[in-house]
Amino acid sequence: MAKAPSWAGVGALAYKAPEALWPAEAVMDGTMEDSEAVQRATALIEQRLAQEEENEKLRGDARQKLPMDLLVLEDEKHHGAQSAALQKVKGQERVRKTSLDLRREIIDVGGIQNLIELRKKRKQKKRDALAASHEPPPEPEEITGPVDEETFLKAAVEGKMKVIEKFLADGGSADTCDQFRRTALHRASLEGHMEILEKLLDNGATVDFQDRLDCTAMHWACRGGHLEVVKLLQSHGADTNVRDKLLSTPLHVAVRTGQVEIVEHFLSLGLEINARDREGDTALHDAVRLNRYKIIKLLLLHGADMMTKNLAGKTPTDLVQLWQADTRHALEHPEPGAEHNGLEGPNDSGRETPQPVPAQ
């Protein structure tokens, strides 16, 4: 059997020279339980599953944290809905993919498939038990004691209606907020808890209450991707053109976070499609920068201006010269039926992302 090239220091899963690697024949041997091959395979699988558990925890933690720093909003503008924790996960996944691909070239993965499946089932049972232990306790049938402000705000995230009702019934303000001026309305809008939102609004919650970054519930609903929340807030008079500290409208936020249905809804309302933020960027600038293919199509078909310059003097067409060939084609040929010209995103079309093209 030909020797594989020597690899060393490949991210978190460094590999020894081929002489130290166990051959495929050992995996398939009838005495696999007693072999060094099984021990190494088991260690590799344990490491892989442990990494997956860590990644899931990071993703969950990131989803629970509301960005309340101006730098985080700026990062959302330029890079989309991401966080440092999720970027770390992506980097680890790339390393792991490379390492596992190398391992597959050296051993017969099929020979340990049963072992992998067995380990996964055991790990899944542990994860299920852990998740059950971390679930918020169920609401009591009746809340007798007083509800403090912190519990009230937490209930808006967790969807605990009885806690919300008790706080309001005892005279608590629906506009109660934390140190970041985040109200229960902001929190419930991000999570999509419709019944709680209706209760808060019926009890006088200020629909356009702005937090420390001037974000309203409408901004948070766009981040959460909840179209039904957007419509509910609108029905209570929410301003769909309100600006945060970056002068971003809800349309800007929906574009940056990739919420296609919300973008389509806003455009159907006839909102100011060419509204500019603090850097002079329109929604189309953001969509091009972040390669939001479907959103680019929607904006163009609704009349977005391709020649609007931002404060750096760049139009969306200028920006796309640095990015994707398909996107540039969309800007230059915004005809109906553009869904056939490659505007669907990589996840929709199944095609590889085209390489950037040089400016002409």
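Each Cβ is built from the backbone N, Cα and C atoms, and glycine gets one as well.
Annotated compositional bias 'Acidic residues' per Swiss-Prot: 138-147, in sequence order.
Per Swiss-Prot, the feature compositional bias 'Basic and acidic residues' maps to 330-342.
Sequence annotations record features per position, and here Swiss-Prot assigns phosphoserine to Ser99 based on experimental evidence.
Residues or ranges marked as region 'May mediate interaction with PML, p53/TP53 and YBX1' by Swiss-Prot: 5-120.
The region 'Disordered' annotation in Swiss-Prot covers 126-147 (among others).
The region 'Disordered' annotation in Swiss-Prot covers 330-360 (among others).
Taken through DSSP, the repeat 'ANK 1' (147-176) splits into 19 helix, 0 strand, 11 coil. Taken from Swiss-Prot, the feature repeat 'ANK 1' applies to 147-176.
Among the features that Swiss-Prot reports, repeat 'ANK 2' is placed at 180-209. Model confidence over the repeat 'ANK 2' (180-209) stands at 97, taken as the mean pLDDT rounded to a whole number.
Below 8 angstroms of C-beta separation, residues 66, 68, 70, 73, 81, 183, 185-187, 189-192, 194, 197-198, 201, 207, 248-251, 253-254, 257, 259, 261-262, 265-266, 269, 271-272, 275 of the same chain, each at least six residues beyond the ends of the repeat 'ANK 3' (213-242), sit close to that stretch. Look at Swiss-Prot and you will find 213-242 tagged as repeat 'ANK 3'.
Swiss-Prot lists 246-275 with the feature repeat 'ANK 4'. When Cβ-Cβ distances below 8 Å are used as the criterion, the repeat 'ANK 4' (246-275) is approached by residues 70, 73-74, 76-77, 80-81, 218-219, 221-223, 225, 227, 230-231, 240, 281-284, 286-287, 290, 292, 294-295, 298-299, 302-305, 308 of the same chain, each at least six residues removed from its ends.
Among the features that Swiss-Prot reports, repeat 'ANK 5' is placed at 279-308.
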Treating G and I as helix alongside H, and B as strand alongside E, what does DSSP give for the repeat 'ANK 5' (279-308) in helix, strand and coil?
16 helix, 0 strand, 14 coil
Are there residues at least six beyond either end of the repeat 'ANK 1' (147-176) with Cβ under 8 Å to its Cβ atoms? List them, or say none.
64, 136, 139-140, 182-185, 187-188, 191, 193, 195-196, 199-201, 203-206, 209
